[in-house]
Amino acid sequence: AMDWQVLTRELSLYLESQVRVGFFGSGVGLSLVLGFGVAYACYYLNSIAKKPQLVASNDRFCRFLEEYCPVVTETYYPTIWCWEGRVQTLLRPFITSRPQVQYRNELIKTADGGQISLDWFDNNDSSYYPDASTRPTVLLLPGLTGTSKESYILHMIHQSETLGYRCVVFNNRGIAGEELLTPRTYCAANTEDLEAVIHHVHSLYPSAPFMAAGVSMGGMLLLNYLGKTGRDTPLMAAAIFSAGWNVFESVESLEKPLNWLLFNYYLTTCLQSSISRHRQMLEKLFDMDLVMKARTVREFDKQFTSVMFGYRSIDDYYEDASPCRKLKSVGIPVLCLNSVDDVFSPAHAIPVETAKQNANVALVLTSCGGHIGFLEGIWPRKCTYMDRVFKQFVQAMFEHGNKIFSM
């Protein structure tokens, strides 16, 4: 305590000598500002900036991450003026930059007569991997109403570009401007479209190392697919960011008054506007007036999503959509990043015990970061902590993945 008092006194004397008398009316104002600054810095360094918790039962996987993905063992310093989870979540889409990415669009047909829009970033200028047939490929899955235009997707592509990799973004049906050919959209539990996309990409480049990364609902969908397929997948590994592990807990958290006001209502209107463009097609099966009256995600899922995919009740759908139930069956290395202050995926619902029972799974839990936030630096325009985890893990797996089992 004495050290801080001495430091504060010396700093205030120095600053007072630098600042003309009367700048704050007197030296008292300056001392107060300085004292507050020092107190805040102490609080931030003691309580906010922390190393993430790494949960993994497999010592080899742990050692592999420590060596080739060291970001998961380093202290995460959230942006000093906006570290709270809700604030990080709200600010990220507005504050982060949007790297320029030129896509090549491809529409693929599905077995039921629908179509899926894929956005390719071929990275044909890759100097590390000039041969397209063996260029490592990352499949990216955006969140609930997200597309290839989301800033977090653009940043992942920017990171992949510097490493020489190819990316392909899986846009959920009816979201990226393409027409719905059948009255069907998407949900977190139904993995058929994802299976079709993974098969399609792998068939185009069977010799290319292949990974996937999913964000929010994209991460839930990817986990549900991996839980279903086990080792029987062309993917060598996967990265999951801000997944909602237990849908019941997620919707309950989002229905708390402040969270409803800040997130739930807006998300519900986004879901409604994403399907209103396809109203004529969807009216064949749904009471669209009722769907448009929903005021929460739960009401929307009850009237629309659970009905579309043939669930007897919304509880049946939420049970099937929750990845915590499938985690024990995952058969390839998976790294999952969550913040414990994420209102979309409350801390008590993160399946820490289940993760410890599967040698393929590593959880990285930060104390701050919110939902797809993870802002860092004084002015967090560029790279987030999440982007750095993505870059290091993808590079670790593509370039050293064979060492996991020999370490």
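Every residue gets a Cβ built from N, Cα and C, even glycine.
Listed in TrEMBL for this protein:
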type: ACT_SITE; residues: SER216; note: active site, charge relay system
type: ACT_SITE; residues: ASP342; note: active site, charge relay system
type: ACT_SITE; residues: HIS371; note: active site, charge relay system
type: DOMAIN; residues: 136-377; note: domain 'AB hydrolase-1'
type: TRANSMEM; residues: 20-45; note: transmembrane segment
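Using a 10 Å radius centred on the Cβ of SER216 (active site, charge relay system) and all shown protein chains, the other Cβ atoms total 26.
Of all Cβ atoms in the protein chains displayed, 26 besides its own lie within 10 Å of the Cβ of HIS371 (active site, charge relay system). Confidence over the domain 'AB hydrolase-1' (136-377), given as mean pLDDT on the 0 to 100 scale, stands at 96.
For the pair HIS371 (active site, charge relay system) and ASP342 (active site, charge relay system), the C-alpha distance works out to 5 angstrom. Residue density at ASP342 (active site, charge relay system): 29 other Cβ atoms are found within 10 A of its Cβ, drawing on all protein chains shown.
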